[in-house]
Amino acid sequence: MDRILTKEEKQALISLLDLEPQYWGDYGRMQKCYKKKCLQLHPDKGGNEELMQQLNTLWTKLKDGLYRVRLLLGPSQDPNASTSTSRPGEFYNPDTGGYWSYSYGSAGYSDQQKKYWEEFFSKWDVNEDLTCQEELSSSEDEFTPWHPNPPPSPVSISSDSSSSSCDEEYPRNSSRKRKRVHANGSPNTPIQPNKRAHTPGGGRTTIRGDTDIPRTPARESQSTFGSYFNSTEELEEEISQTQQSHHNTTPKKPPPTVSPDDFPTILRGFLSHAIFSNKTQNAFIIYSTKEKCEVLYEQIDKYNPDYKGIFIMKQTEAFVMFMTPGKHRVAAVKSYCCKFCTVSFLLCKAVTKPLELYNCVAKCDDFQILKENKPGLYHFEFCDEKKEVKQIDWNFLTSFAVENELDDPLVIMGHYLEFSQCESSCKKCAEALPRMKVHWANHSQHLENAELFLHCKQQKSICQQAADNVLARRRLKVLESTRQELLAERLNKLLDQLKDLSPVDKHLYLAGVAWYQCMFPDFEMMLLDILKLFTENVPKKRNVLFRGPVNSGKTSLAAAIMNLVGGVALNVNCPADKLNFELGVAIDKFAVVFEDVKGQTGDKRHLQSGLGINNLDNLRDYLDGSVKVNLEKKHVNKRSQIFPPCIVTANEYFFPQTLYARFHKVYNFEVKDFLAKSLEENSYMGRHRVCQSPLTMLIALLWNVPTENFDKSLKEKVETEKKVLSDMCNFTTFAEMCLNIQRGADPLEAL
């Protein structure tokens, strides 16, 4: 075994195993020390990685060397086996004339193995006899006779017999006997049990026959490695049997204590049971023995705890609870504490309710508070007196946008910024103008929410969300409602606006109706036909063309109808590659108007040519309304829908037959000078855009169309407004308005 490792490696291994030099060769003891040191030096247990690697390297080299030595072992038999008087398990050495024991028992003995052992025994110093000095007890019962068939055991060979520990006290009842071997090769004659040798003076001589060989740990280790086995399992089994036989007189060890695998049930409700979580905490509790908790109480100062305390349970187990100013992972805290707990158990968990846990420990009789760095934990240390911060109500702002059909985020933001002002000093609320109804009707309700909105950092996001909410509700309504219902809802809102107008304003809008009556004698029938086409929306029978010279009233009438039904105006005179986003404006609209479309001039040299008519000719599937088309806006996904019906206004351009066939109604406009003169005489109609107002179209319907033609849901309001109009202006007054217009005078002249 000494030839397997060098002297330096041997000393290093003994140092790493914390083993005394005299136990070198005691494989069982060395293996036990190796396992113990593995627990201490393993990196996962907080040990030194370099020392662990060095220990593993030396231990592996030792085991491999022992294995190779065993492979070289083999039996040697007595040349006169039939006449040999040696006991079983002993063999004759022809070079020295001595005997030695064996216990490996392997069959076959090669020349190479024989040569190895000849070199090994040549180093023995056989000139000096092996002796053992000891005094036997006077009692005859204490003498142990030689057994004729002792169990085979290897001879312990020592280079210095005087340095052996024969003078020490050892148990006398050892079951293993050794026979002394003389240099002449003949064993001593065994002494009989009742036979003793005496000195001439009557003294007792030292018996030099069978003696009890002291079994010190050092001799035990030498004896162990003096014999070789066929396998590692036999070696370990022999070691365990040998150790047990030499410790029969020692008291039995108490049964090992079972370490707890979890915290007590009373504390589990205050702890975090997450195992694989990386969440950081600032309160922890450690469960270990009382002695280790006292050590850990001092070691956790590394975390600068604001509070730490030891709680004792059952006088043997304890807990260390501590709270840190910073946050740490449970695994990191446990790994640090495990460095100080090589044998003792240790459990570590995060505390989710530190105050409740402390109160539970303080009140429970099973626990005792051993020490603390400060006198306890109190409720005020965990309570922050924070003022309740009010936040803006997003839903309330959204309801304001939905009620007033505001789909522009900037408009919503502007209203709410004005709502934040004091209501008593608000001019809009003081004037209470009908066109400012959105403001003065909602100022008082949204004042408090608007003040919070004023200091909010997410104003644009809130308004954008409200606008999206309006668009979402509108799209859903378009999908679920019929076009008759949509038109009725639109007229209902206009009736509410008409109700708020003053009599003077109503006279002004009634003059606009008279203005259109002078443009087309059957204006009411024309308006009803257009509304019918838009409402029924029959493919290829839904589009209208307004065609005529400049300043004939095409754009004014088209704009008034679009405002009545809730449509938009589009420009198709742009290049074809820009049409997609222009057409996307028509998403979810009731109708559209292609305003002032240009085309080929033909014989009209005074007109400018353009791409509008050519682009419309390429949009036949849009105009027909037979199939769904893809409409898109910037930053919005494409949407497939039937393109809404349209009104096309154009001058006297050439229309190809493929495009002209898409219009179900064509109205030719003419220039009437008196219409322009009457508008010049009444500046109010121009400034307030009476001719383009939806209220003008609504009053035209109320004035000319019977109540039965309106939707049932509108009849009550229609009858009320009809009565108001008839009381305010009779047919004679209306006829005078028409006469004034035809004369080119102010429609309200002398009225």
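Cβ from N, Cα, C; glycine included.
Quick look at what Swiss-Prot annotates:
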| type | residues | note |
| --- | --- | --- |
| DOMAIN | 12-75 | domain 'J' |
| COMPBIAS | 155-165 | compositional bias 'Low complexity' |
| MOD_RES | S245 | phosphoserine |
| MOTIF | 251-257 | motif 'Nuclear localization signal' |
| DOMAIN | 522-682 | domain 'SF3 helicase' |
| BINDING | G548, P549, V550, N551, S552, G553, K554, T555 | ATP binding site |
The domain 'J' (12-75), counted residue by residue under DSSP: helix, strand, coil: 50 helix, 0 strand, 14 coil
Quick tally, other C-beta within 10 angstroms, G548, G553; top of the binding-site residues is G553
Least buried of the binding-site residues N551, S552, T555, going by other Cβ atoms within 10 Å? N551
For the binding-site residues P549, V550, K554, the largest set of other C-beta atoms within 10 Å encircles the C-beta of K554
Not counting G548, P549, V550, N551, S552, G553, K554, T555, residues with a CB within 8 A of the CB centroid of the ATP site are N651, F669, V671
Which of the three DSSP-derived classes (helix, strand, coil) applies to P549 (ATP binding site)? coil
Given the model, what does the mean pLDDT over the motif 'Nuclear localization signal' (251-257) come out as? 67
